[in-house]
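The domain 'Major facilitator superfamily (MFS) profile' annotation in TrEMBL covers 41-500. Among the features that TrEMBL reports, transmembrane segment is placed at 37-53, 111-129, 141-162, 168-196, 208-230, 236-256, 307-329, 341-365, 372-393, 405-430, 476-501.
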Amino acid sequence: MGSLPEPVPDCNRAKPVGIRFVEHIKKGGLSYRSHQAIVLVVTFLAYASYHAARKTTSIVKSALDPQSPDVGLKFVPWKASYFFNPPVSTTSTSMQGNGWAPFNGLDGTTLLGELDVAFLAVYAIGMYFSGHLGDRMNLRIFLTVGMIGTGVFTSLFGAGYWANIHSIYFFFIIQVLAGLFQSTGWPSVVAVVGNWCGKSKRGLIMGIWNAHTSLGNILGSLIASALLSYGWGWSFVVPGFVIAFIGLVVFLFLPVSPESVGAERDVDELDSPKKNGESVKEPLLKLESDEEEKAVGFMEAWRIPGVAPFAFCLFFAKLVAYTFLYWLPFYISHTAIDGQYLSSGAAGNLSTLFDIGGILGGILAGHISDQLNARAITAASFMYCAIPALFFFRSYGHLSLTINMALLFITGMFVNGPYALITTAVSADLGTHSSLKGNSRALATVTAIIDGTGSVGAAIGPLLTGYISARSWSAVFTMLMSAALVAGLFLTKLVVAEVAAKFEQSRHKERVHEDLA
């Protein structure tokens, strides 16, 4: 008696509704490249909205805690316009001009720092759990829930404006819950993109794709700054609605992997089994497996070569990056530039130059690391270059707006370059490391470990800044320069290994030429 044939999985049922609708209109299936383009666009929009929602807090700080006089130099980095600097609202509130209790007291700066660390601490802890869950759940559903939850709690923070809430516990609880939902984003989008992008050009592709971080920060700054004069609550509610809406787009259109929608990989998407002259017997990613892949455990992922050094490097890299993310507009509005103070909105607009530089830095770091085939060398070099950039920005950024703009752009390029490289291409590389023997179900876990560890540093940096800045901003920049140095040093062993591999490769080529001669 013959055995019954195994049921063939219906890939069409697993396809998102939006993909099925597009195929129905097109009257044919989508190609691999079309699916890949949808993935890159949808995940780009998704994480840009995460950062836009996250950035609002730094813009609103100056309105909540107006420590120094606002001389009102209405400056926009490119061109002044009515949209970016709307007329000041005359709405009667206890917050415009005098801040918002409890943040307008003597300990207001400290409270804002503690609010940041509440968000980021939960974000960092949640990241580890999100990666663990992401490798075991449908990433499309997981990401959708995270985005809608983020939108709800971001909006609720802004609702405190109209509800006239002045309890620090309300804002603390909202930030904690917002941080928890925000932690779902990064492991999910990197895992999905890693499923669709081969390794050969991963650094460049992910470097360009990672511009969503800086673009999200820019849009978040501009939106929050533009709405600030109408009441700081709008600066939270609008980004909250945006991320919730894009969460619905993710649910409708995001294909998690080629296998989930029955898309056949292109030949050039298959990873090469050789790297730096070393033979690898098994491909980094298997398309099919006789055995069902099991998700990699948390401790097993930590033991993957390279995960720990890059994770601890990112700890200090994100300490620097997130201090700028949360405190740069505040620092600019409280520092006289050419003898004048910028308004809160103008400071938020000027701070976008840091993120514009970050876009270029992420693309350069990805492209250079692809060309050199050396992720550690590239990341460490950028971190070391960030040290003098930070020094010059602090020492000479106050001389004029032009100098401030130039130094801010350069600082953003060197600070965000390695941050972008490690959280994208490096995480995807290590999540498909050869030691996993083709098991692709480690991407979200590895990404969560690296970015989760980095997020601990991201929580500590803004917290320390809240305390240190009350005494001296020069001390804050000394802390940032020290963190950049330590970040580079954590990669020393990997840098030495990559340099040694380059010398060995060079000697091997010379021997081949001699044999041919």
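In case you wondered, yes, glycine gets a Cβ from its N, Cα and C as well.
Caution: TrEMBL annotation is automatic and unverified by curators.
Worth saying up front: this structure is predicted, and the values here are computed from it rather than measured.
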Counting only residues 6 or more past its boundaries, what in the same chain has a CB within less than 8 Å of a CB in the transmembrane segment (168-196)? 35-36, 39-40, 43, 46-47, 50, 53-54, 102, 111, 114-115, 118-127, 129-131, 134-135, 139, 142-143, 145-147, 149-150, 152-154, 156-157, 160, 206, 209, 254, 256-258, 423-424, 427-428, 431-432, 440, 443-445, 447-448, 451-452, 455
Sequence-distant contacts of the transmembrane segment (111-129), meaning Cβ under 8 Å and at least 6 residues beyond its ends, amount to 57, 61, 64-65, 102-103, 105, 168, 171-172, 175-180, 182-184, 186-187, 298, 322, 326, 448-449, 451-453, 455-456, 458-460, 462-467
If we skip the immediate neighbours and take only residues 6+ beyond the ends of the transmembrane segment (236-256), which ones have a Cβ under 8 Å from one of its Cβ atoms? 15-19, 35, 38-39, 42-43, 45-46, 49-50, 52-53, 55-56, 60, 138-141, 143-148, 150-159, 161, 192, 195, 220, 223-224, 227, 263
Closest-packing stretch to the transmembrane segment (208-230), where packing means Cβ pairs under 8 Å, from 307-329, 341-365, 372-393, 405-430, 476-501: 341-365
For the transmembrane segment (307-329), find every same-chain residue at least 6 residues outside the stretch whose CB is under 8 Å from a CB in it, and list them. 54-55, 57-59, 61-62, 116, 120, 217, 221, 301, 344, 347-348, 350-351, 354, 376, 379-380, 383, 386, 390, 411-412, 415-416, 418-419, 422-423, 426-427, 430, 446, 449-451, 453-462, 465, 469, 476, 480, 483-484, 486-488, 490-491, 493-494
Selected stretch (most C-beta pairs under 8 A with the transmembrane segment (405-430)) from 341-365, 372-393, 476-501: 341-365
Give, as a single whole number between 0 and 100, the mean pLDDT over the domain 'Major facilitator superfamily (MFS) profile' (41-500). 81
